[in-house]
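Student: According to Swiss-Prot:
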ACT_SITE  229  active site, charge relay system
ACT_SITE  274  active site, charge relay system
ACT_SITE  370  active site, charge relay system
DISULFID  214-230  disulfide bond
DISULFID  339-355  disulfide bond
DISULFID  366-395  disulfide bond
DOMAIN    48-165  domain 'SEA'
DOMAIN    189-419  domain 'Peptidase S1'
CARBOHYD  111  N-linked glycosylation site
CARBOHYD  146  N-linked glycosylation site
CARBOHYD  239  N-linked glycosylation site
TOPO_DOM  1-19  topological domain 'Cytoplasmic'
TOPO_DOM  41-420  topological domain 'Extracellular'
TRANSMEM  20-40  transmembrane segment
């Protein structure tokens, strides 16, 4: 009975003609294509980034050439105040969700005023760039009209122009100590923590006959700073190259060495004046992942307890293996008196040196890190070269922190050799 009832139903089915099947498939594909296209469109719109450069005047400031020096105390102080004003203005505005970043790029002193050149980044989910530019300009104009506080700004001097991503990156990369890419955490070199690409763009590898030998810091288009003892084996430029990036091999953006300038008072086998400059045959083309660190002013102070970061491809433990990828360590500057104590280095730390790490040990620079950078960010998150990895007793030992050449002590010497 059940079978006989089902048979007529089965027998009554009709197959669709091939043209109808093809038409149906094409219709489904068209709908899928439309959905995918809309998704791609809205995702692209959502991620649309706009870059701007501009300028405005700060009035009633006596002429001072120090405002032109990007590392001077005067320049950083005024830039910090203006950057805070911009952040407050945008974050309290109706486009705070579109706001990404704003920075003072340069200050140009004039008679009784300073022109501030600015750099801005925004996103706009609706891709209405002209409307966005007008709103940004309006917020900046209102900010400049509000002259509360010690500064007097001129709203009539405001200029704002949209620029390309390429030009925006070029502006930032030509300034010292800026990091387009950042990591939220720092760990140790001894023990291992890998740096991100572009996180430490001034870090370089000094190579002898193609093999990593020491670290170095890019301080100018053709100049790097390193340790003098890195040239005990050879200082013949023909045997030396410099490369950048996070991988120690293969070489990335390799450059040849024209000259090695070793401090005149350095003595082989001793630790004082362990400083050298590398001059390259050609200029380094700055980019997001390769550009220079800031040099501190000779008068700049980095007190004990200040947080610093050391980077390099040195051994992960004493006489241990060396990493393929760049390592980083977050450490602290140690009081010189504590470092000169009998249980530590017994008076061997000179005024031109500084100790950094922890008296408890463990986190430290190690073999192969020599010549590399010890850096510190200022309140504007601009990074300065505080020290040069020089010497220590093994790696990560209790009461034996790393010892670095104090860059401020050699600031005049560096300027005399490089013009920087």
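Cβ atoms are placed via backbone N, Cα and C, with glycine included.
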Student: Under 8 Å Cβ to Cβ from residue 214 (disulfide bond), same chain, six or more residues apart: give me those in sequence order, or none if nothing qualifies.
Tutor: 205, 206, 226, 227, 230, 368, 370, 371, 372
Student: Output, ordered by sequence, the same-chain residues six or more apart from residue 111 (N-linked glycosylation site) with a CB under 8 Å from its CB, or 'none'.
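Tutor: Those within reach of residue 111 (N-linked glycosylation site), by Cβ under 8 Å and sequence separation of 6 or more, are 63.
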Student: Near residue 274 (active site, charge relay system), meaning Cα within 10 Å, which of 229, 366, 395 (recorded positions)?
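Tutor: Matched recorded positions: 229, sequence order.
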Student: Going by DSSP, how much of the domain 'SEA' (48-165) is helix, how much is strand and how much is coil, in residues?
Tutor: 41 helix, 46 strand, 31 coil
Student: Which whole-number value in Å describes the distance between the Cα atoms of residue 395 (disulfide bond) and residue 355 (disulfide bond)?
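Tutor: It is 13 Å, counting Cα to Cα.
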Student: Roughly how many Å lie between the Cα atoms of residue 355 (disulfide bond) and residue 239 (N-linked glycosylation site), rounded to a whole value?
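Tutor: Residue 239 (N-linked glycosylation site) has its Cα 32 Å from the Cα of residue 355 (disulfide bond).
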Student: Using DSSP reduced to three states, classify residue 355 (disulfide bond) as helix, strand or coil.
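Tutor: Once the DSSP labels are grouped into three classes, residue 355 (disulfide bond) ends up as strand.
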Student: Here's one to test understanding: among the recorded positions 229, 239, 339, whose C-alpha is closest in space to the C-alpha of residue 366 (disulfide bond)?
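Tutor: Closest candidate to residue 366 (disulfide bond), judged by Cα separation, is 229.
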Student: Restricting the comparison to the recorded positions 229, 239, 339, which residue's C-alpha is spatially nearest the C-alpha of residue 146 (N-linked glycosylation site)?
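Tutor: With Cα distances computed to residue 146 (N-linked glycosylation site), the winner among 229, 239, 339 is 339.
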Student: If you run the three-state DSSP split on residue 370 (active site, charge relay system), which class comes out?
Tutor: coil
Student: If you count the C-beta atoms lying within 10 Å of each candidate's C-beta, which of the recorded positions 146, 239, 370 ends up with the smallest number?
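Tutor: Result for the recorded positions 146, 239, 370: minimum number of other Cβ atoms within 10 Å at 146.
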